[in-house]
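Q: Take this structure, written in structure tokens, and hold onto it; I'll ask about it next.
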Amino acid sequence: MNSIISLNLLGWQPFFQQQLTLDEFEQTTVARVVAHHRSEYVVRTEQALSRMPITPSLPPMALGDWLLLDGDNRFLRQLDRKSLFKRKSPGSKLGEQFIAANVDTLFIVCSLNQDFNLSRIERYLALAHEAEVEPVVVLTKQDLCDDVDEKRQAIQSLDPLLLVESVNALDRTSCEVLLSWCRPGRTLSLLGSSGVGKSTLINTLLGNEIQDTGSIREDDSKGRHTTTSRSMHFMPSGAVLIDTPGMRELQLTACEQGVSLTFADIDELAQRCRFGDCQHTGEPGCAVQQAIDRGELAPRRLANYFKLMREQARNSASLAEQRAKDKEFGKMVKSVMSESRHFKKGL
């Protein structure tokens with residue numbers, strides 16, 4: 001897209017406008033990261049698209065970040081983020097991977113077939129709550145499911161205020177229930193596992209076939225992994241839509257508040273325990289275990305709470321340790337280089 005587009009349709013909001021000095025407002029160009037590939041970012045100004053190779057001099061950026069460029073479209077600085085989704089880097093690699101930035105609403109996309117998993121939904125909710133982004137659970141493939149209402153109620157039981165919608169991603173009329181979140185200037189992101197119908201849903205919302213889609217094998221309900229890079233789309237309604245690759249792995253890091261908010265019912269019960277250091281594993285006077293005994297709290301939910309809390313704490317500690325090692329290594333390199341310069345001067 002190289003036609004002129006207003007900043008509002010790019011998702012510009014007063015939060016970002018307030019960060020500009022008068023000189024920056026008059027002399028710089030605002031751009032947004034609209035695609036993130038392995039070796040480059042694609043950024044969009046009001047006038048055109050341009051490519052920005054990923055170099056060590058650039059700060060780590062995410063799809064959706066806002067930047068200031070000079071008259072030659074060179075990077076000047078990155079604006080503060082309104083929100084950021086991130087996860088531990090997949091696999092055994094230590095590090096964080098940015099998913100998307102400056103998102104207003106997160107569509108957590110889950111299919112109503114064999115992908116349906118309450119614990120996975122809780123994981124995505126923790127990510128949304130940590131980023132202080134409004135979550136909406138979008139259930140796809142309702143036309144292939146006989147117990148839609150039961151599954152909706154199961155999700156609603158996680159949080160009475162949680163917004164839940166079920167759609168047939170191939171039917172535009174069915175997807176119109178999502179348009180109330182797709183207002184001009186708003187940025188939406190879709191997250192979900194591979195094969196849940198995110199690309200099909202995006203195509204329906206956009207009214208075209210921007211995304212390649214994969215068919216579902218009827219024998220095991222698994223979809224082909226079709227989205228391989230993060231990308232941004234502009235909706236007819238004026239909203240911005242961010243798609244990401246299907247998440248085969250979503251390890252939480254630095255997400256304690258997000259987990260606590262997702263499991264606010266457990267935290268509230270914990271306040272009633274007899275002992276302040278209750279571990280909720282059988283101690284006398286444990287209000288959490290009493291709720292399980294009364295059938296008010298599912299054992300699965302408590303187990304997932306423990307799992308996510310341990311996971312985010314472990315990953316956060318590992319990343320902090322790695323950063324400390326990197327910092328010490330950097331100091332050592334600077335010291336060696338300084339000694340080398342002094343040695344050369346003495347020759």
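Cβ from N, Cα, C; glycine included.
From TrEMBL, here are the annotated features:
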- 95-250: domain 'CP-type G' (DOMAIN)
- 101-248: domain 'EngC GTPase' (DOMAIN)
- Thr140, Lys141, Gln142, Asp143, Gly192, Ser193, Ser194, Gly195, Val196, Gly197, Lys198, Ser199, Thr200: GTP binding site (BINDING)
- Cys273, Cys278, His280, Cys286: Zn(2+) binding site (BINDING)
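Quick one: where do these features end up spatially?
A: Secondary structure of the domain 'EngC GTPase' (101-248) per DSSP, as helix, strand and coil residue counts: 44 helix, 36 strand, 68 coil.
Around Lys198 (GTP binding site), taking its Cβ as the centre, 28 other Cβ atoms fall within 10 Å, counting all chains.
According to DSSP, His280 (Zn(2+) binding site) sits in a coil region rather than a helix or strand.
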Q: Roughly how many Å lie between the Cα atoms of Lys198 (GTP binding site) and Cys286 (Zn(2+) binding site), rounded to a whole value?
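A: Cα-Cα distance, Lys198 (GTP binding site) to Cys286 (Zn(2+) binding site): 42 Å.
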Q: Quick check: with Cys273, Cys278, His280, Cys286 left out, which same-chain residues have Cβ atoms within 8 Å of the centroid of the Zn(2+) site Cβ atoms?
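A: Neighbours within 8 Å of the Cβ centroid, excluding Cys273, Cys278, His280, Cys286: Ala270, Arg274, Phe275, Gln279, Thr281, Glu283, Gly285, Ala287, Val288, Gln289.
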Q: For Cys286 (Zn(2+) binding site), name the DSSP secondary structure in the helix/strand/coil scheme.
A: coil
Q: Looking at GTP and its recorded binding residues Thr140, Lys141, Gln142, Asp143, Gly192, Ser193, Ser194, Gly195, Val196, Gly197, Lys198, Ser199, Thr200, figure out the farthest C-alpha pair and report it in angstrom, whole number.
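A: Taking every pair among Thr140, Lys141, Gln142, Asp143, Gly192, Ser193, Ser194, Gly195, Val196, Gly197, Lys198, Ser199, Thr200, the longest Cα gap is 19 Å.
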Q: I'd like to know the mean pLDDT over the domain 'EngC GTPase' (101-248).
A: 84
Q: Rounded to the nearest angstrom, how far is the Cα of Cys286 (Zn(2+) binding site) from the Cα of Gly192 (GTP binding site)?
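A: Approximately 35 Å lies between the Cα of Gly192 (GTP binding site) and that of Cys286 (Zn(2+) binding site).
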Q: How many neighbouring Cβ atoms, not counting its own, are there within 10 Å of the Cβ of Thr200 (GTP binding site)?
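A: There are 23 of them.
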